[in-house]
Ligand code: IVH
């Protein structure tokens, strides 16, 4: 073997080992810095010798910024759910049912029920080949690239004795500390918060950009092995084997031999789960023997050989003092219950979410009521009921407000069809909406203006210095250096940063404007499709929906935006201040329509560019990259070592197979 390849292989296996020790065993042998140095060395070798690329190399865990929609994959074995129980008695009923059906000795395995999002992984010849979400249980999204960024999952198995092909299922989780940090960042960016780590984990897995997924530090616990030739008839033993192959298997798993042991297990974890680094919402009990599992079988929705026992959400009773209302950037109005402080799962709760008008109505809430507050997996506590027996004197009935709660606004609220929330429609005159839009405009992914946080926006707005996004460009050092908490240095920083923002490319300016439903990806699509703001302004609904992935809802919102006088005035001002309102010639020269409308599948390994680079080349030239071959595929971009099955399929469908060189010729000017 060539010495470079040997070096690459050694580095890969060392990095895999260190990864495992760090993320699975929690017992690193080398410093983070040494790890990074090794990783960098490997990355450099792989860049230099692309012929040795390997999709399962440890360098591939960093993700890519290529956008793609997920391929649907049908589960080989459907992903069922478990029937839930809430009391020890119901668990005991389950035990008796199993006992009577089997009529022979059996063991139960007790496990924690992890509260994340479930995933099914397929391994072939010891390599991770596919990761699919639960979806509807029958088919789910192929999220392999995103899952590869989870450091505690082996891309290449360790040890021996694993079946040639098998599936393993488990839960992808966001640890509490990562979740809290993420929400703090989101709060600072005025992005909507995740209600709990489960939503954060599933939201993260569905992100289009796997490098963002990598930054979110997900973890995964595995709890179910499926396949034709598993090592043992025992579920417990199989998971022990899986542990030896490098998977993270919970240490909480126990074999239990009686109802007494089951009850002890419940009592123990009811208390001790609070010390775990990840969220759990119950316990799962499974019959250990696979043969016995088979005999017990399934109902339509869930196995008869397993049951979930759900932990009681923690609940407290306290007094409702008043209801306040908050207006967000989009104008949505959220009701908040203000309570007598009460201790709940270790924190003092003073405020709780009331969700929407319908929920207030169904609770028949009155001021002064004693209410039940719950904090389940949610970070924001919620009101779940009223103790009507404690209602000695009835207070005023809580009615959802009909006008905007902002004193300066007071506009009648509206409710859009199909939505539970009420909105303040006064987009251009309602202070929290304006401030929210200013904060969005300056945020990192938009104009990236530094030195201005929520409080400074508030201050500038209060003083009337910045009443809309265009006013930012009129700020002067002398004028703001005198203000409270600012000084010469931060004032200069703000003004410089505002000045620098005029070089921000058009697609980000378009995102920064905060047009409803126009997120980062949509802004990019629109920017390249229309090239400048005037063309976009004059676009008809038909022209807008003709753009890939732009639907009616977005099209109508864009049209509405450009109809508004305030917006047009503001755009004129921003143009005068020198912001980018068209795609630059450099950006444009990188984009052509040579592959316009062509769907291209990439397969194999390449010499001139990496697969990721080919993906972005396809997109840059107006083509679309998909991962599987179908009747819609126009070209198969084939490298070396391509799977024979793919080649066969492409031939059968009469798809044109092109080499790297042919592809590069196609996009050449
Ligand atoms: S076993 C056929 N074990 O709970 C049974 N599930 O309602 C397969 N879950 O979708 C599931 N921890 O996402 C199993 N230790 C555990 C679990 C677990 C969490 C989740 C899983 C599943 C849901 C069942």
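Glycine residues also receive a Cβ, built from the backbone N, Cα and C atoms like all the rest.
Of the residues 134, 243, 351, TrEMBL places 134 in the same NAD(+) site as 32, 33, 34, 35, 36, 81, 82, 111, 171, 286, 310. Cβ neighbour count for residue 82 (NAD(+) binding site) (all protein chains, 10 Å cutoff from its Cβ): 18. Look at residue 36 (NAD(+) binding site): DSSP puts it in a helix.
82, 113 are the recorded positions among 32, 34, 82, 113, 424, 430 whose C-beta comes within less than 6 Å of an atom of ligand 1, given in sequence order.
The average pLDDT for the domain 'BRCT' (590-669) in the predicted structure is 86.
Of all residue pairs in the NAD(+)-binding list (32, 33, 34, 35, 36, 81, 82, 111, 134, 171, 286, 310), the one with the greatest Cα separation is 44 Å apart. For the domain 'BRCT' (590-669), the DSSP-based tally of helix, strand and coil residues reads 28 helix, 17 strand, 35 coil. When the binding-site residues 409, 424, 430 are ranked by how far their Cα is from the Cα of residue 134 (NAD(+) binding site), 424 comes first. For residue 36 (NAD(+) binding site), other Cβ atoms within 10 Å of its Cβ number 10.
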